Each structure stands twice: as C-alpha cells, then as structure tokens.
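Here is what Swiss-Prot records for this protein:
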BINDING   His57  O2 binding site
BINDING   His86  heme b binding site
DOMAIN    1-140  domain 'Globin'
MOD_RES   Lys6  N6-succinyllysine
MOD_RES   Lys10  N6-succinyllysine
MOD_RES   Lys15  N6-succinyllysine
MOD_RES   Lys15  N6-acetyllysine
MOD_RES   Tyr23  phosphotyrosine
MOD_RES   Ser34  phosphoserine
MOD_RES   Lys39  N6-succinyllysine
MOD_RES   Ser48  phosphoserine
MOD_RES   Thr107  phosphothreonine
MOD_RES   Ser123  phosphoserine
MOD_RES   Thr136  phosphothreonine
MOD_RES   Ser137  phosphoserine
Amino acid sequence: LSAADKGHVKAAWGKVGSHAAEYGAEALERMFLSFPTTKTYFPHFDLSHGSAQVKGHGAKVAAALTKAVDHLDDLPGALSDLSDLHAHKLRVDPVNFKLLSHSLLVTLASHLPGDFTPAVHASLDKFLANVSTVLTSKYR
C-alpha cells in the first residue's frame with residue numbers, strides 16, 4: 001500500500017469507529033444472502049437477520065480488521081494466528097475472503113457515502129486484498 005492508500009484506509013476505518021462490529025455483522029449477512037454457498041462454513045450458526053451468532057462473528061471480523069489497520073506495515077505478523085486458524089483448522093476456501101471483502105466494501109459504501117470516494121474505494125479494496133492474501137498465505 002502506498003502512503004496515500006494507508007492514509008485513506010486509516011481515515012475510513014476511523015469513521016467506522018464504534019460501528020465496526022455492526023458493519024462487520026452487516027457485511028457477513030450481506031455475504032450470506034448474496035453468496036449462499038458461504039453459509040456452508042457456518043452450519044452451527046443461526047444465520048437469520050439479527051442473529052447473535054452473526055453479530056458475534058461480525059465483531060470478530062471487525063476486530064481483526066481494526067488490528068490490521070493498526071498494523072498496516074506488518075499485516076503478516078498481525079494476522080498470523082488468523083491465517084493459521086483459517087488455513088489449518090477451519091479450511092475456508094480462499095475465494096470466500098474475496099466475497100467477504102466485496103460485501104464489506106458495499107457495506108462501507110452504504111454507510112459512508114460522502115467519504116467513499118473512488119480513491120478511498122481503491123485504497124480499501126487494496127487493503128482488503130492484502131488482508132485476504134495474508135489470510136490465505138499459509139494454505140500453500
């Protein structure tokens with residue numbers, strides 16, 4: 001990420017602020033509705049609208065992204081444990097990270113329309129692609 005990208009990501013995530021868990025849950029719900037095959041990784045979850053389990057996992061997603069934003073210069077170090085978990089224990093198909101990234105971008109665009117400029121969109125897309133790359137790096 002360029003310095004400008006890092007600035008855009010930090011500024012956008014700063015505006016997310018206290019809504020991070022809410023937006024994380026909304027992005028998950030959006031992903032489940034738009035890409036139903038992603039539900040197969042959550043057979044034990046109540047996937048209905050407003051589910052406590054979806055909200056809880058959305059909070060985990062948001063916390064991981066907050067950690068990533070705080071460690072933009074060392075994403076592999078910051079996300080190593082999550083990479084191990086998703087590659088070795090959960091065995092999530094890597095394409096699902098792209099689907100969640102897309103759902104997150106749509107969610108952020110809907111909540112931050114005035115701030116979601118083309119430059120911010122591009123920077124967030126690069127950031128989420130980097131996060132996805134790190135999370136799938138231990139699959140090899």
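Including glycine, each Cβ sits where the backbone N, Cα and C put it.
Counting in whole angstrom, His86 (heme b binding site) lies 8 from Thr136 (phosphothreonine) by their C-alpha atoms. Cα of the residue listed as 'O2 binding site' to Cα of Tyr23 (phosphotyrosine): a span of 11 Å.
Taking the C-alpha positions, the distance from Lys15 (N6-succinyllysine) to Lys6 (N6-succinyllysine) comes to 14 Å. The subset of modified residues (Ser34, Lys39, Ser48, Ser123, Thr136, Ser137) lying with their Cα within 10 Å of the Cα of Lys6 (N6-succinyllysine) consists of Ser123, given in sequence order.
For the recorded site, the residue listed as 'heme b binding site', the DSSP three-state label reads helix.
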